[in-house]
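Since the structure comes first, as structure tokens, the remarks are kept for the end.
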Amino acid sequence: MDFEYIYPIIVLFGSFAIILAVGVPITFAIGLSSLFSILIALPPDAAISVISQKMTVGLDGFTLLAIPFFVLAGNIMNTGGIARRLVNLAQALVGRLPGSLAHCNILANTLFGAISGSAVASAAAVGGIMSPLQEKEGYSPAFSTAINVASAPIGLMIPPSNVLIVYSLASGGTSVAALFLAGYLPGILTALALMTVAALYAHRHHYPVAERINLRQFLSVFRDSLPSLLLIFIIIGGIIGGVFTPTEASAIAVIYSLALAAIYREINVSKLRDILLDSVVTSSIVLLLVGCSMGMSWAMTNADVPELINEMITSVSENKWVILLIINLILLFVGTFMDITPAILIFTPIFLPIAQHLGIDPVHFGIIMVFNLTIGLCTPPVGTILFVGCSIGKISIDKVVKPLLPMFLALFVVMAMICYFPQLSLLLPTLFAPS
């Protein structure tokens, strides 16, 4: 390839790395590096016009309305006492297993993540409740924190999931309903894998089981948590039944969560104002990131980056499974230093064409990509959930790494199963996704 074609690529990624290194927020790093790359091919006025146009077009999508609505619904759920009720339900369901509180943490994170759609919120809300309980029962603080950190991202695989909506946008319109359905089985499988690790660890360290509860107590706990659980069935049931679109489902989630907060009487006017402000800030950051990433996507396409990466990977091997392994390794590496949303926006346009050329379904590849990048949320140096979990558990990161290792092994096994057994992701969309 001639230097004149490589030059825009060098400028794009070189300036991106330099701008990030000096501490500029990733959103502006993406936008500026894209502009610098486009300036090589176009005059300044035209380059600015193109980048602004691509940002605007990238945000001009009805599906994107779901992001601020789901963010708001999640924030209402976080403050509305939902986590405590789900923890009580999880304890009632798995309390008799060895290491019951660890299993409770995993199950509560799975349920809460499925309702709030936020891994960070799950780690903070559930961890804030479970860490003191586990410490009181003699659990190692490092182990309890590791369990919370490893299980918090499960909610990103199960609807409502903003990262799956972002992937739908970055992939050119993959069905959000199909992606939502595709995440269920991998999410449940991840929870079971982590519970297996927790059971082995608990058996080895002789952790206690919870006291047995009677049917009346269980029904009381279940009744208390049922209104929260209904949100999951309302959202996915309405989408599958064709009653409403994923975007409309997000608005319904806000109305339902507000009604639930009013019933529970956990949110006052002051808290609601803070929730709205936080939701506006979070949504603005995400949507600005989406817009800038659309500009970078165009800059990469203009510089033939996807074709270059395709040639490099296929030159190593033409075997479908080997190429998929290479993509997985790259995504695992990317996840260690880049947050999940920008990683999806930047690397989906690069890797999805390769995956489609190999005959991999875009829905399946989306689940592979999201699962891969969620592991990065638990690893240094940029592991958001790792930092949140350690802050909640009041423990240093270096002490959590050792108990995290067997959990990472379990996650890698699940990742291999998701990659090489496509039906784990595609079974439910095939059966239930609306046409």
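Backbone N, Cα and C define each Cβ position, glycine as well.
Over in Swiss-Prot, the protein carries these features:
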type: TRANSMEM; residues: 9-29; note: transmembrane segment
type: TRANSMEM; residues: 57-77; note: transmembrane segment
type: TRANSMEM; residues: 110-130; note: transmembrane segment
type: TRANSMEM; residues: 146-166; note: transmembrane segment
type: TRANSMEM; residues: 176-196; note: transmembrane segment
type: TRANSMEM; residues: 226-246; note: transmembrane segment
type: TRANSMEM; residues: 280-300; note: transmembrane segment
type: TRANSMEM; residues: 321-341; note: transmembrane segment
type: TRANSMEM; residues: 343-363; note: transmembrane segment
type: TRANSMEM; residues: 367-387; note: transmembrane segment
type: TRANSMEM; residues: 408-428; note: transmembrane segment
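Within its own chain, the transmembrane segment (176-196) is flanked in space by residues 63, 66, 94, 97, 102-103, 106-107, 110, 114, 147, 150-151, 154-155, 157-161, 164-165, 167-168, 236, 239-240, 246, 363-364, 366-367, 370-371, 407, 410-411, 413-414, 417-418, 424-429, 432-434, which lie at least six positions past its ends and keep a Cβ under 8 Å from the stretch. Contact between the transmembrane segment (110-130) and the transmembrane segment (367-387) is supported by 3 or more Cβ pairs under 8 Å, counting only residues 6 or more apart in sequence. Sequence-distant neighbours of the transmembrane segment (408-428) (same chain, 6+ residues past either end, Cβ-Cβ under 8 Å): 150, 181-186, 189-190, 193-194, 196-197, 321, 324-325, 328, 360-361, 363-364, 367-368, 371-372, 375, 378. Proximity of distant same-chain residues to the transmembrane segment (9-29), defined by a Cβ-Cβ separation under 8 Å and at least 6 residues beyond the stretch ends, is recorded for 36-37, 40, 285, 288-289, 292, 296, 299-300, 303, 305, 308, 338-339, 342. The stretches the transmembrane segment (280-300) and the transmembrane segment (367-387) do not meet in space: the count of Cβ pairs below 8 angstroms, excluding pairs fewer than 6 apart in sequence, stays at fewer than three. Cβ atoms under 8 Å from those of the transmembrane segment (146-166) belong to residues 63-64, 66-67, 70-71, 73-74, 102, 105-106, 109-110, 112-120, 122-123, 126-127, 130-131, 176, 179-181, 183-184, 186-187, 190-191, 194, 198, 232, 235-236, 246, 249-250, 253, 286, 290, 340-341, 344-345, 366-367, 370-371, 373-375, 377-378, 383, 385-386, 388-390, 392-393, 400, 403-404, 407-408, 411 of the same chain, restricted to positions at least 6 beyond its ends.
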